[in-house]
Amino acid sequence: MALALHALSELGGSQTRPAVALAARGGDLLRRVERLLAPRPQATGWKLALPALLIAATSFVVQAGSRNAPDTPTPAAQTAQAATPAEAPAAPQLRLPVNAKHVVVVDDATGKVLMARDADAVVPIASLTKLLTAMVVLDAKLDPNEKLRITSDDVDTLKHSRSRVRVGTQMSRQAALEMALMESENRAAFALARTFPGGDAGFEKAMQAKIRALGLSRTSITDPTGLSPANTSTATEMAAITAAAARYGEIERITSVKKATVPVDGRTRELHNTNRLVGAKGWNILLSKTGYTEEAGRCLAMRMMNGKRPVTVVLLDADGSAQRLRDAALIRKSLARQPA
């Protein structure tokens, strides 16, 4: 570069600015080139040195550019970096044609959401409420053998739902808990709340405290059964409720068997799980609760094993029991195909 500039100074220049001066894009290099190219009376041969100057200047610019390259990646490089999987946000893996309007599937080992469909909409949850009711009752550490009597206060006057338990029936608190969870017996759930310390008001206070403790900002519970459409939550928060319920061994034990027996009025009564998938071939269900009202549609919250990994599945507002079961089966089949 120095030799070329020296040769140019000896030969002089013309009034026309050569392209290399334009390529210098300002700065000391441009000013030096312009000074050397200033018009002189005897100058006619500057063009002889122009090739050397052009080569040297081009080499200088290229070297400077390569030194700056690590600090200023090209737009293409920036685009490639932004597209790398490590930096892209993780998307749910499953895209399935399920019937339920609100769905979430969570890998309990990692907390990763494997599937989500309108999972943050606040909707009625029907008898999935009873998972919270059971947690509140168990938290109070009441005598499970204490006898409870079903009264007219426990009768459903909102939906007029059917019940196998007549007014006057006597059972233990433990039996009422199992009936509420396994068969979704509303009168048993009402009795659990009515006989809570402080009565219905005491139960409601404990329920609100439980909701706050679980950090459920979008869940609202007004009765222990879920008959009221005002009992609402989201699929996402129902997954959190299911995970919390799974920490209660008694809830897991009661809801993960196909059938059981409890003493009622001194006689043995057989209970059947409302989730037909429990105990079915190929299913390993750790916890389960179904729900239904006209407003909520068919609902399901369950924790099951996917190979060696526990997974929580929440389905809200399916059109029917058959569709709910098909949704669960489709999710299970798709999960089985996922890499471990």
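Backbone N, Cα and C atoms are what each Cβ position is placed from, and that goes for glycine too.
Owing to the predicted nature of the structure, the values given are computational and were not obtained by experimental measurement.
Summarising the annotation, TrEMBL assigns active site, acyl-ester intermediate to SER127. Long-range Cβ neighbours of SER127 (active site, acyl-ester intermediate) (same chain, at least 6 residues apart, Cβ-Cβ under 8 Å): SER184, ASN186, THR225, GLY226, LYS289, THR290, GLY291, TYR292, THR293, CYS299.
Other Cβ atoms within 10 Å of the Cβ of LYS130 (active site, proton acceptor), summed over all protein chains shown, number 30. DSSP assigns LYS130 (active site, proton acceptor) to a helix. Positions annotated as active site, proton acceptor by TrEMBL: LYS130.
Annotated active site per TrEMBL: SER184, in sequence order. For SER184 (active site), the Cβ neighbour count at a 10 Å cut-off comes to 24, with all displayed protein chains included.
Taken from TrEMBL, the feature compositional bias 'Low complexity' covers 69-89.
If you look up TrEMBL, you'll see 97-319 marked as domain 'Peptidase S11 D-alanyl-D-alanine carboxypeptidase A N-terminal'.
Per TrEMBL, region 'Disordered' is recorded for 66-89.
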